[in-house]
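Participant: Next up is a structure, given as structure tokens.
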Amino acid sequence: MNPFQKNESKETLFSPVSTEEVPPRPLSLPKKPSPKICGSNYPLGIAFIVVNEFCERFSYYGMKAVLTLYFLYFLHWSEDTSTSIYHAFSSLCYFTPILGAAIADSWLGKFKVLSLVGLSLIALGTGGIKPCVAAFGGDQFEEKHAEERTRYFSVFYLSINAGSLISTFITPMLRGDVQCFGEDCYALAFGVPGLLMVIALVVFTMGSKLYRKPPPEGNIVTQVAKCIWFAISNRFNNRSGDIPKRQHWLDWAAEKYPKQLIMDVKALTRVLFLYIPLPMFWALLDQQGSRWTLQATRMNGNLGFFVLQPDQMQVLNPLLVLIFIPLFDLVIYRLVSKCGINFSSLRKMAVGMILASLAFAVAAAVEIKINRMIPPQPGPQEIFLQTLNLADDDVKVTVLGDENNTLLEESIRSFQKMPHYAQLHLKTKRQDFHFYLKYHNLSVYTKHSMEEKNWYSLIILEDGKNISSMMVKDEENKTTNGMTAVRFVNTLHKEVNISLGKDTFLIVGEDYGVSAYTTVQSGEYPVVHCRTEDKDFSLNMGLLDPGTVYLFVIINSTNQNPQAWKMEDIPANKLSIAWQLPQYALVTAGEVMFSVTGLEFSYSQAPSSMKSVLQAAWLLTVAVGNIIVLVVAQFSGLVQWAEFILFSCLLLVVCLIFSIMGYYYFPIRPEDLQEPADKKIPHTQGNVINLETKKTKL
């Protein structure tokens, strides 16, 4: 007899409420053995799932590898805006799995969502693929092969990073080494990942007949939400001291929902509570594609045998993952186990957080070292001055102050490449300086006014046997974001039009006209097309290094075609990009301990009906982490090294909180999620009884 059934023969003050029925859980399909790989306990369908994941991750990470520099160089956004949009996109990709998980668990099932929705609609594909593919692979294993299932998650993560490794190395090459319409080929860099997505669809559908396809178990997300809401509202309505308390707050849903669902929701909420601190880890990890890539643009990518593009540095992460996963699984974890240390999943994740925090401390140290190698900026009552001698012989330059005192004196050869700017001090914010130029037997006096906190170039011109000078104020920020900046001085008697790319054109006036600085992509420029009113010619600008500021002087030559004299205004940063290796090694080790372990932990702790939901919740922590980066990038106002220190300290605090939470968490065993047969109570169908009462007679 149902203890909550309304009995008309007894006096009661309970009031019935009409509720919807909860559909019964579908019966499990009879388990038939699926084909195995080479006599092992690994289902053959796993091979198709892993290859599909490789192709899909190649597509995703290949596109993300060039995304930040696409924003920065092609769309000309600022560093902060590029970082914000990058992480907003990443966050959206990890929010949509909630929708994908709801559809998978309640309607189509993991297989149909993965193949029909996830791979057909790229915009929503990430939401369809991410929560389903890992859980779908886990579904292929029988419970007696739990150890192989644990290893599967490592192989699964290996396939992710194998795809990421190849794509993050190849797509920047497609971007930078191939020219489309006279500039970097972003179309090809985005097109190849799109092709791999098509291959992923083909490979996945080929294994359709080999998959075990658990049917969807009703609208789980809706059931969970309604169960939680009913438990809270029922407890609130029955808060009288006369009503017996219950062991768990979700037990207040027992009047409406089956006990098995309540047990599943209990398990789900315990894990979700543990997920609260996790977004901070992802906030650090995902900055490899934004802040760390921007840091690499300010470093020297020439390794001697190979020139590494800034966005190619991300290839270290998947490469090290492929090395670290077997190293940790086969060596480190086993050594720790032999030492008698219980290295549980939650402890591994806590250590991973610490390693990621250390990685950002190292990144801050590298950032400080980069800043020390950047040329200093002129301060108050200070200017920086360089002299360009375009005459055909030496010129002695003397700079005099207001009181005719000598401030600077040097002899400059014709077309001499100056090693650095000279520093001059002003008595006021703006001051006149007198220049004495001695050329052969000719002496020339001139005066130029200069303002504090600026860069200036004194250009010495020759006109027959006479010389003159002109003062050019250099732009304050000649180069940003590690890009190359160029400007031109035209010594010809005709205006010159210069084409530096599809949308980059310069017009330099005749007779020592000086162009403004223009930012261009680094690389080889063997043929730069130029044109005067009566002649077309080309200039060989050679190799332009990242972060360098160049001056090109267009001069006549004996072969009747003008040539370009090249000089570095500001040299490239000499700090090697290899200095980023320690931070990548630390954060990757942290990722292996945190992410791989977290994937398996999420699957093992999820009730059978909610595995995709919990996988989506795991991915949701990634989305929240990217939002944290977006907010900090837009509103912190910190210099870069201080921002790195901020993230490092925040993760350490979060790690402490997570460790305390994990100390009180007891992992769920599969048998704990099943209701004992002798304790099952028939679920009330139709009307159920509301416990809201003032007194009760039993």
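Including glycine, each Cβ sits where the backbone N, Cα and C put it.
All annotation found in TrEMBL is predicted automatically rather than curated by experts.
Found this in TrEMBL, in case it helps:
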{"type": "REGION", "residues": "1-30", "note": "region 'Disordered'"}
{"type": "TRANSMEM", "residues": "58-76", "note": "transmembrane segment"}
{"type": "TRANSMEM", "residues": "88-107", "note": "transmembrane segment"}
{"type": "TRANSMEM", "residues": "113-133", "note": "transmembrane segment"}
{"type": "TRANSMEM", "residues": "154-174", "note": "transmembrane segment"}
{"type": "TRANSMEM", "residues": "186-204", "note": "transmembrane segment"}
{"type": "TRANSMEM", "residues": "267-285", "note": "transmembrane segment"}
{"type": "TRANSMEM", "residues": "315-336", "note": "transmembrane segment"}
{"type": "TRANSMEM", "residues": "348-366", "note": "transmembrane segment"}
{"type": "TRANSMEM", "residues": "616-638", "note": "transmembrane segment"}
{"type": "TRANSMEM", "residues": "644-666", "note": "transmembrane segment"}
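How buried are the listed features, and what sits near them?
Facilitator: Proximity of distant same-chain residues to the transmembrane segment (154-174), defined by a Cβ-Cβ separation under 8 Å and at least 6 residues beyond the stretch ends, is recorded for 46, 49-51, 53-59, 61-63, 65-66, 134, 137, 185, 188-189, 192-193, 196, 309, 311-312, 314-315, 317-319, 321-322, 325, 329, 592, 595-596, 599.
Proximity of distant same-chain residues to the transmembrane segment (315-336), defined by a Cβ-Cβ separation under 8 Å and at least 6 residues beyond the stretch ends, is recorded for 61, 151, 154, 157-158, 160-165, 168-169, 288, 343, 580-581, 584-585, 587-589, 591-593, 596.
Beyond the transmembrane segment (616-638), the same-chain residues lying 6 or more positions past its ends with a Cβ under 8 Å from any Cβ of the stretch are 80, 83-84, 87-88, 90-95, 97-98, 100-102, 130-131, 271-272, 275, 278-287, 290-291, 598-599, 602, 646-647.
A Cβ distance under 8 Å defines the sequence-distant neighbours of the transmembrane segment (644-666), meaning residues of its chain 6+ beyond its ends; these are 270, 273-274, 276-278, 280-281, 283-284, 287, 291, 344, 346-347, 349-350, 353-354, 356-358, 360-361, 363-364, 367, 632, 636, 638.
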